[in-house]
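Chemist: Okay, these came from Swiss-Prot:
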type     : residues                            : note
ACT_SITE : HIS43                               : active site, proton acceptor
ACT_SITE : GLU70                               : active site, proton acceptor
ACT_SITE : HIS190                              : active site, proton donor
BINDING  : ASN7, ARG18, GLY191, GLY212, HIS213 : 3-amino-2-oxopropyl phosphate binding site
BINDING  : ASP9, HIS10, ARG45, HIS50, THR100   : 1-deoxy-D-xylulose 5-phosphate binding site
SITE     : GLU151                              : site 'Transition state stabilizer'
Amino acid sequence: MASLGVNIDHIANIREARRTVEPDPVSMALLAELGGADGITVHLREDRRHIQDRDVELLRQTVRSRLNLEMASTEEMVAIALRIKPDMVTLVPERREEVTTEGGLDVAGQKASLSAMVQTLQAAGIPVSLFVDPEATQLQACKNTGACWVELHTGRYADADWSTQPQELARLQEGTAIAQQLGLRVNAGHGLTYQNVEPIAAIAGMEELNIGHTIVARSVAVGLQQAVRDMKVLVQNPRLDPLFGQAPG
């Protein structure tokens, strides 16, 4: 049964749109936990477009589930993680001009630098996950860095139409199986919604799904606690999917 990590970046996006103090991501994280979130995820970007350093500091003090810090693989971010000590760091690719993360890390192409960061963080007791596309070459490279976790990028699955989504689901199923064979633990996320999450949640070996935008969007209508509750039902009890005919796994 997969657990649910709630990404609260979009709460901070609303705040930063007016450069004001509300809504407060820290208090919203508490509501997400009250709604059943198994963890809280934030992405501290280099340009600080939404989550700010102070948010991460306060979340470390207040989160009672797990705090997953997404960040670029830079010396500045490693130093922040070593000071804050989140429950997990997820290294993600980052470009200032992107609206949101556009793809997985090229771990195979930067194995040496990523290995050094993984070793530094894990030596400090911080587990590291690498955000990658579900490709065998990248997964093997993740294993070679010494990381214990991967987060599979579900963006292509989320963006696919009905005719190609089954193939994208199959890529994620295969990627999960390969990762497990390598001894890696598997999370997934990006672009998942109430409409498409169940086939991913049903993949055998999937441990956690990190989901943000769709939960925050639904919270406008039903409140954050209820939006989290609604998503957790789907993540933990995925039904047979009519598009694919069976629960994947």
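In case you wondered, yes, glycine gets a Cβ from its N, Cα and C as well.
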Chemist: If you measure from the Cα of HIS213 (3-amino-2-oxopropyl phosphate binding site), which of the recorded positions ASP9, HIS43, ARG45, GLU151 is the nearest?
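Modeler: Nearest in space to HIS213 (3-amino-2-oxopropyl phosphate binding site), counting only the recorded positions, is ASP9.
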Chemist: For HIS213 (3-amino-2-oxopropyl phosphate binding site), which DSSP three-state class applies?
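Modeler: DSSP call for HIS213 (3-amino-2-oxopropyl phosphate binding site): helix.
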Chemist: Nearest by CA distance to GLU151 (site 'Transition state stabilizer'): which of the binding-site residues is it, out of ASP9, ARG18, ARG45, GLY212?
Modeler: GLY212
Chemist: Taking each of ARG18, HIS190, GLY191, GLY212 in turn, which of these recorded positions have a Cα lying within 10 angstroms of the Cα of HIS43 (active site, proton acceptor)?
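Modeler: Of everything listed, nothing lies within 10 Å of HIS43 (active site, proton acceptor) (Cα to Cα).
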Chemist: According to DSSP, which kind of secondary structure is HIS190 (active site, proton donor) found in, if we only use helix, strand and coil?
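Modeler: DSSP call for HIS190 (active site, proton donor): coil, neither helix nor strand.
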Chemist: Of all the recorded positions given, namely ARG18, HIS190, GLY191, GLY212, which is spatially nearest to HIS10 (1-deoxy-D-xylulose 5-phosphate binding site) at the Cα level?
Modeler: GLY212
Chemist: Sort out for me which one of ASP9, GLU70, GLU151 has the most neighbouring CB atoms within 10 A, since those are the recorded positions we care about.
Modeler: GLU151
Chemist: Work out how many Å separate GLY191 (3-amino-2-oxopropyl phosphate binding site) and ARG45 (1-deoxy-D-xylulose 5-phosphate binding site) at their Cα atoms, rounded off.
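Modeler: So the alpha carbons of GLY191 (3-amino-2-oxopropyl phosphate binding site) and ARG45 (1-deoxy-D-xylulose 5-phosphate binding site) sit roughly 18 Å from each other.
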Chemist: How far is it from ASN7 (3-amino-2-oxopropyl phosphate binding site) to ARG45 (1-deoxy-D-xylulose 5-phosphate binding site), counting Cα to Cα, in Å?
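Modeler: Cα of ASN7 (3-amino-2-oxopropyl phosphate binding site) to Cα of ARG45 (1-deoxy-D-xylulose 5-phosphate binding site) measures 14 Å after rounding.
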Chemist: Using CB atoms and a 10 A radius, I'd like the single residue among the recorded positions HIS10, ARG18, ARG45, HIS190, HIS213 with the highest neighbour count.
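Modeler: The residue with the densest Cβ neighbourhood is HIS190.
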Chemist: If you measure HIS50 (1-deoxy-D-xylulose 5-phosphate binding site) to ARG18 (3-amino-2-oxopropyl phosphate binding site) at Cα, how many Å is it?
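Modeler: Each residue's Cα considered, HIS50 (1-deoxy-D-xylulose 5-phosphate binding site) and ARG18 (3-amino-2-oxopropyl phosphate binding site) end up 11 Å apart.
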Chemist: Report the nearest neighbour of GLU70 (active site, proton acceptor) in space among the recorded positions ASP9, ARG18, HIS190, comparing Cα positions.
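Modeler: So, of the listed recorded positions, the one sitting closest to GLU70 (active site, proton acceptor) is ASP9.
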Chemist: According to DSSP, collapsed to three classes, what secondary structure does GLU70 (active site, proton acceptor) have?
Modeler: strand
